[in-house]
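> Sharing the feature lines straight out of Swiss-Prot:
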TOPO_DOM  1-36  topological domain 'Extracellular'
CARBOHYD  Asn2  N-linked glycosylation site
CARBOHYD  Asn15  N-linked glycosylation site
TRANSMEM  37-61  transmembrane segment
TOPO_DOM  62-73  topological domain 'Cytoplasmic'
TRANSMEM  74-98  transmembrane segment
TOPO_DOM  99-113  topological domain 'Extracellular'
DISULFID  Cys110-Cys187  disulfide bond
TRANSMEM  114-133  transmembrane segment
TOPO_DOM  134-152  topological domain 'Cytoplasmic'
TRANSMEM  153-176  transmembrane segment
TOPO_DOM  177-202  topological domain 'Extracellular'
CARBOHYD  Asn200  N-linked glycosylation site
TRANSMEM  203-230  transmembrane segment
TOPO_DOM  231-252  topological domain 'Cytoplasmic'
TRANSMEM  253-276  transmembrane segment
TOPO_DOM  277-284  topological domain 'Extracellular'
TRANSMEM  285-309  transmembrane segment
MOD_RES   Lys296  N6-(retinylidene)lysine
TOPO_DOM  310-350  topological domain 'Cytoplasmic'
REGION    330-350  region 'Disordered'
Amino acid sequence: MNGTEGPNFYVPMSNATGVVRSPFEYPQYYLAEPWAFSILAAYMFFLIITGFPINFLTLYVTIEHKKLRTPLNYILLNLAVADLFMVFGGFTTTMYTSMHGYFVFGETGCNLEGYFATLGGEISLWSLVVLAIERWVVVCKPISNFRFGENHAIMGLTLTWVMANACAMPPLFGWSRYIPEGLQCSCGIDYYTLKPEVNNESFVIYMFLVHFTIPLTIISFCYGRLVCAVKEAAAQQQESETTQRAEREVTRMVVIMVISFLVCWIPYASVAWYIFTHQGSTFGPIFMTVPSFFAKSSSIYNPMIYICMNKQFRNCMITTLFCGKNPFEGEEEGSTTKTEASAVSSVSPA
């Protein structure tokens, strides 16, 4: 084995020289220079000071403006809640441990940090699944006269939390485990060992199949059908120009969210799967650290996309920030008229 396995950790470095120590007890400066840990801490600080205000603002603006409380926006707000879980439950912990060079909070802290990070990522993924299904149903209309309402949104929210916890909670109760990864300052699922005592192999396969492959398959199917439907509608002019434009804008926003999610998480998932399927292979701590910390950036892109591409929300956010006034109102009125994204979910067949 090219790493060192302990009772509750796996350090990607051979202990032939005897320098490897538990990441719960000693600084891991033999894995990288201290400045590398400082960079990680600074990066996490950046994610905290950007991720918290932008996600909190998304929630606050929606609560402040009643017209934003639409079924589709429930799902988008769910993404903001998931991101806040990651910020408070994961990023603050990782920043502090990176400053010390090892996971100072012990096994319990590792479990909590791993749980919140996994929960946030899975809520985001399953929220995108619900959004993809909503887009497919609204645009492709497999069910005539269907309108995505509040009850459907609540069912979608329930699905995201049930499925996310079905992935994040088992390691807390003995099916797999959370251990420090990369530079040993953040925690995640144990992809590094088979660990038969906790049936680790079966959990990793379950997670990749049920909580990664299946969601991506559903998303791919929905958007494959959606692209065809949009082209057909444009060719046949079955909908009014305003309706088609609104549907295209919401669809474009959700597609960009999906692409951004894949850009952030595919590298991490690919590296994790490689490590799992190549047990004992040689890899350095940076090999897992970079994609792991890059995936954490997903906490800031969803609200950014939402703010940039949803004119109605953007206007409400500006009026909130400027105490009820919109200094850019003249520019907004002079721009091309766009139908608000949040209203599209209630578009009925023509």
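Using N, Cα and C of the backbone, Cβ positions are placed for all residues, glycine too.
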> Test the contact criterion for the transmembrane segment (285-309) and the transmembrane segment (153-176): 3 or more CB pairs under 8 Å, pairs 6 or more apart in sequence, then answer yes or no.
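No, the transmembrane segment (285-309) does not contact the transmembrane segment (153-176).
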> Might you list, by sequence position, any residue in that chain lying six or more from Cys110 (disulfide bond) with a Cβ less than 8 Å away from its Cβ?
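Within the chain, Cys110 (disulfide bond) has Cβ neighbours under 8 Å at Phe24, Phe103, Tyr178, Ile179, Pro180, Cys187.
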> Can you work out which residues elsewhere in the same chain, 6+ from the ends of the transmembrane segment (114-133), have a Cβ less than 8 Å from its Cβ atoms?
72, 75-76, 78-79, 81-83, 85-86, 88-90, 156-157, 159-161, 163-165, 167-169, 171-172, 178-179, 186-189, 211-212, 215, 218-219, 222-223, 254, 257-258, 261, 265, 295-296, 298-299, 302
> Reduced to three states, what secondary structure does DSSP give Cys110 (disulfide bond)?
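The residue in question, Cys110 (disulfide bond), is helix (DSSP, three-state).
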> To see if you understand the setup: which same-chain residues, six or more apart in sequence, place their Cβ under 8 Å from that of Asn200 (N-linked glycosylation site)?
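Same-chain residues close to Asn200 (N-linked glycosylation site) (Cβ under 8 Å, separated by 6 or more) are Ser176, Arg177, Asp190, Thr193, Leu194.
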> Let's check the environment of Lys296 (N6-(retinylidene)lysine): how many other CB atoms sit within 10 Å of its CB?
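Taking all protein chains shown, Lys296 (N6-(retinylidene)lysine) has 23 Cβ neighbours within 10 Å.
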> Tally every other Cβ atom lying within 10 Å of the Cβ atom of Cys187 (disulfide bond).
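Looking across every protein chain shown, the total is 33.
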> Quick test of the contact rule: Cβ under 8 Å, at least six residues beyond the ends. What residues does that give for the topological domain 'Extracellular' (277-284)?
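Long-range Cβ neighbours of the topological domain 'Extracellular' (277-284): 1-3, 12-13, 192-194.
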> So what's near the topological domain 'Extracellular' (1-36) in sequence-distant terms, Cβ-Cβ under 8 Å and 6+ beyond its ends?
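Contacts of the topological domain 'Extracellular' (1-36) (Cβ under 8 Å, skipping residues fewer than 6 from its ends): 100-104, 106-107, 110, 177, 179-180, 183-185, 190, 192-193, 280-288.
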> Which number gives the other C-beta atoms within 10 angstroms of the C-beta of Asn15 (N-linked glycosylation site), all protein chains shown included?
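That number is 14.
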> Over the topological domain 'Cytoplasmic' (231-252), what is the model's average pLDDT?
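Its mean pLDDT is 66.
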> Sequence-remote contacts (6 or more beyond its ends) of the topological domain 'Extracellular' (99-113), Cβ cut-off under 8 Å?
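Residues 8, 23-29, 34, 37-38, 41, 89-90, 93, 171-172, 178-180, 184-187 contact the topological domain 'Extracellular' (99-113) from elsewhere in the chain.
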> I need the CA-to-CA distance for Asn2 (N-linked glycosylation site) versus Asn15 (N-linked glycosylation site), whole Å please.
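Asn2 (N-linked glycosylation site) to Asn15 (N-linked glycosylation site), Cα-Cα distance: 9 Å.
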> By the DSSP assignment reduced to helix, strand and coil, which category contains Asn200 (N-linked glycosylation site)?
helix
> Cβ under 8 Å to the topological domain 'Extracellular' (177-202), counting only same-chain residues 6 or more beyond its ends: which ones?
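Contacts with the topological domain 'Extracellular' (177-202): 3, 5, 8-12, 23-24, 28, 31-32, 36-37, 40, 90, 93-94, 97-98, 101-103, 110-111, 113-115, 117-118, 171, 272-273, 275-276, 279, 285-290, 292-293.
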